[in-house]
């Protein structure tokens with residue numbers, strides 16, 4: 001990866017290394033759902049430790065509302081981090097100030113400290129220069145191993161990287177290498193998630209670059225509604241219907257086919273093990289919610305997959321975190337894994353929830369590549385320069 005500075009370009013023995021990770025892993029009712037991001041980060045931590053660095057791990061976790069929230073403390077992540085690395089890791093109750101400075105001062109070569117949630121300070125998300133300087137003064141070197149948040153111009157991603165010598169960690173290196181490849185067409189994108197609003201620009205850009213766009217999750221409800229489908233009491237964003245029309249017009253002009261559900265799994269509410277029914281998409285009762293795509297929709301997507309060379313997948317197609325609404329995301333994941341095994345398709349997936357769904361389906365190792373990133377993954381595939389990547393470029 002000659003275009004970027006990596007761990008191969010530095011000697012870290014005795015150096016204080018500020019290591020930015022993404023430890024924002026999926027949780028459900030206080031329980032960790034998936035530790036893939038932690039496992040992927042472990043090799044960089046272990047390598048730095050073996051080479052005698054003094055490692056200062058920083059990360060965000062969740063969306064605290066402008067003040068510390070005990071439920072969003074990174075201390076929750078300490079045990080799985082220790083397990084993944086096989087190293088003792090200390091914890092500091094702040095990421096800047098006296099607590100952080102004392103924790104760093106006590107580090108010996110090879111030792112590790114995890115600092116508290118960056119987002120407990122407002123300056124993180126606003127890329128406040130003083131907050132970035134307070135982080136930077138803890139270390140001699142900055143290593144970014146958080147590709148998944150490198151599309152965000154935050155203090156720990158962009159600010160610090162312009163203050164300290166900045167390098168890519170091993171996970172970052174792997175992500176950039178995987179996503180720098182030229183995609184073989186035809187390309188199908190499967191995209192899910194809650195809201196059109198969070199992926200609006202990505203959808204607008206993708207339709208001019210790919211042959212097929214299959215949309216699931218709650219965001220599909222807005223498309224269905226815009227096309228005159230009665231979606232019952234399903235979640236949607238009616239204020240974005242005009243944007244849906246724009247996306248559909250751009251897709252038509254670019255000869256990109258948009259696939260929406262032709263059947264759905266419905267229920268009265270989003271609760272575990274509730275009674276469900278599979279119905280035609282044009283027969284959604286007014287008192288029901290669409291909570292997963294149906295089996296006929298999986299078949300339609302599968303038939304289009306068979307005519308494509310590359311799949312890009314971001315976002316579950318139903319409310320996968322609550323059974324039985326994970327059923328058809330898992331069914332499609334297993335189909336893709338089988339096609340990948342046979343060499344029929346190159347399968348690239350990304351995003352925390354997508355990773356968790358693929359892990360649940362036990363196929364994460366059978367995809368061609370699974371990125372830890374969601375938004376950054378899609379923006380990189382679009383060819384965008386990401387704020388966290390630019391400072392890592394070799395001069």
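Placement of Cβ uses the backbone N, Cα and C atoms for every residue, glycine included.
Sequence-distant neighbours of residue 60 (substrate binding site) (same chain, 6+ residues apart, CB-CB distance under 8 A): 22, 23, 24, 117, 118, 119, 124, 149, 154, 156. Marked as substrate binding site by TrEMBL: 22, 23, 24, 37, 60, 61, 62, 63, 119, 152.
The (2R)-3-phosphoglycerate binding site annotation in TrEMBL covers 37, 119, 152. In the three-state DSSP assignment, the secondary structure recorded for residue 37 ((2R)-3-phosphoglycerate binding site) is helix. The Cβ of residue 37 ((2R)-3-phosphoglycerate binding site) has 26 neighbouring Cβ atoms from other residues within 10 Å, across all protein chains displayed.
Among the features that TrEMBL reports, ATP binding site is placed at 199, 321. Other Cβ atoms within 10 Å of the Cβ of residue 321 (ATP binding site), summed over all protein chains shown, number 19.
The binding-site residues shown are 62, 199, 321; of these, the one with its CA atom nearest the CA of residue 37 ((2R)-3-phosphoglycerate binding site) is 62. Residue 321 (ATP binding site) sits 17 Å from residue 62 (substrate binding site), counting Cα to Cα. With a cut-off of 8 Å between CB atoms and residues at least 6 apart in sequence, the same chain places 191, 193, 219, 315, 375, 378 near residue 199 (ATP binding site), listed in sequence order.
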